[in-house]
Amino acid sequence: MESALKEQRGGESVLDLSPRATPAGGVEDVYGEDCATEDQLITPWTIAVSSGYNLLRDPRYNKGLAFTERERDAHYLRGLLPPVISTQELQEKKIMQSLRQYDVPLHKYVAMMELEERNERLFYKLLIDNVEELLPIVYTPTVGEACQKYGSIFKRPQGLYISLKEKGRILEVLKNWPERSIQVIVVTDGERILGLGDLGCQGMGIPVGKLALYTALGGVRPSACLPITIDVGTNNEQLLNDEFYIGLRQKRATGQEYYDFLHEFMSAVKQNYGEKILVQFEDFANHNAFELLAKYGTTHLVFNDDIQGTASVVLAGLIASLKLLGGSLADHTFLFLGAGEAGTGIAELIALEISKKTKYPVEETRKKIWLVDSKGLIVSGRKETLQSFKKPWAHEHEPVNNLLDAVKAIKPTVLIGTSGVGRTFTKEVIEAMASTNERPLIMALSNPTSQAECTAEEAYTWSEGRAVFASGSPFPSFEYNGKLNIPGQANNCYIFPGFGFGLVMSGTIRVHDDMLLAASEALAAQVTEEHFAKGMIYPPFADIRKISAHIAASVATKAYELGVATRLPRPANLVKYAESCMYTPNYRSYR
């Protein structure tokens, strides 16, 4: 990926450490949120010590009926609560019972967001303890519907909205956010939300959801997270005509106006939060995503989850799948349907991993990887008309117009879908894969579920139960000829929370491709023989906090090796250090 982006940067590498940037910052645990401070008494500060009625309405400190007798006396809560004292575990049981009574996923989503707004620790306690059940609610696929209807369900802001109205004043807007010790920003401009397209300002559901997962799955403190939506308009006519739309009612700004606005934003972020603030770009359109990553990768700590996070999690699945498929990565041939930021990002990281293992140049290892876009197989004859990020994948081959013919011509061992178009892995395509492979690997990665290239049931049935299957959104297990097959979920949630946490805890100031490879290998190492026996190439989400700690440690290790980690001295045991720095949602005792 770095090799592909260096050309756009005029040959500058992220390790050159441009003098345009100076390390600064450093964040302490102000609110007693980390595992290491769990047993300490804390003071519920706001501007003054929070007490009484105000304390019950502060989501960071509110414990509901769990306030002890002593705390009720000390903080003037007598009479403001019923006399019963409840445990956090009982509160959790009650909320889960209530959530399970909803039939509509969006209603569960709204209920979860309302819980976060009144009792932050209980929200994260639920999410951490019931991650497999609640992940589809707070993130894909339900978050997609939430974004589509965000104007109707909007009640109170959950992050910063920076629109063109604030041009020239973005630093001032950032200072309006009450927290100063921010470690992670997730930002979107709403142009390419999941597989749903341009949702404009209503794309805020994505940064909010991503940062909830940064905390629940990766251990980043909620107080250190900031969701931001950059509103430059929308080209979605339906939204522009929607009376409940919450964004600017104008067509999208493009070209120099757009890039000047983004540059002001990136400059203001560094000025306000320092060098070590992680900015994660989320759901930007292809034509902007690569440009922004190339431009700011050498001057800021930036990460694009759609390009780099998706690539890392898919590579982890491929590394793990070798136990089932046999051979090394270099022995396999890869065919992609979809050549956007996700597809080309995954392809580049696969090529880098093969290059690292075989010592062949990446230009050579790319030849094992083929991509199909809307015009057919990407071949050298099309090079003059291709976008820059597609050109490295234009190999020598006669033109092929569709996916089925490409499968027959290339004979791939791995088929990966990043097209954003549902049901494109047809029965004929899967059968063609199965005809040339004993165990074809099928990865239908497009989100949400309706946009998946095929379902798990289709992949298993059409391959006569021989396929190894993974998807972007969750699918239920499927039994074929008496064997239970458990689909893998190549969900970015495996990677980005632990990856980002590793950057934060080590004070890293740049993202390098080697860190992505380290994250992939760390995730693949968490898949056990028991998982392989069930056809799984990803570990269960129930273990995600442990997985994230190992990923964070691997990323931090690589950052120290590359000389871009600033937190010194380096901890002796990075896994234990990661675990001690993780946010824990258990209620604290108040003085």
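Cβ atoms here come from the backbone N, Cα and C positions, even for glycine.
Taken from TrEMBL, the feature active site, proton donor covers Y139.
Neighbour count (other Cβ atoms within 10 Å of the Cβ, all protein chains): 27 for K210 (active site, proton acceptor). As annotated by TrEMBL, active site, proton acceptor applies to K210.
Marked as (S)-malate binding site by TrEMBL: R192, N447, N491.
Listed in sequence order, the residues of the same chain lying 6 or more apart from D283 (divalent metal cation binding site) and placing their CB within less than 8 Å of its CB are T188, D189, G190, E191, R192, I193, L194, G203, I206, D306. As annotated by TrEMBL, divalent metal cation binding site applies to E282, D283, D306.
Residues or ranges marked as compositional bias 'Basic and acidic residues' in TrEMBL: 1-10.
What TrEMBL records for 116-297 is domain 'Malic enzyme N-terminal'. Mean model confidence of the domain 'Malic enzyme N-terminal' (116-297) amounts to 95 (pLDDT, 0 to 100 scale).
The domain 'Malic enzyme NAD-binding' feature in TrEMBL is assigned to 307-560.
Sequence annotations record features per position, and here TrEMBL assigns region 'Disordered' to 1-26.
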Among N447, N491, which are binding-site residues, the residue with the most C-beta atoms within 10 angstroms of its C-beta:
N491
Measuring Cα to Cα, tell me the gap between Y139 (active site, proton donor) and K210 (active site, proton acceptor) in whole angstrom.
7
Inter-residue C-alpha distance, K210 (active site, proton acceptor) and N491 ((S)-malate binding site) (nearest angstrom):
12
Surrounding CB atoms that lie within 10 Å of the CB of E282 (divalent metal cation binding site), all protein chains:
30
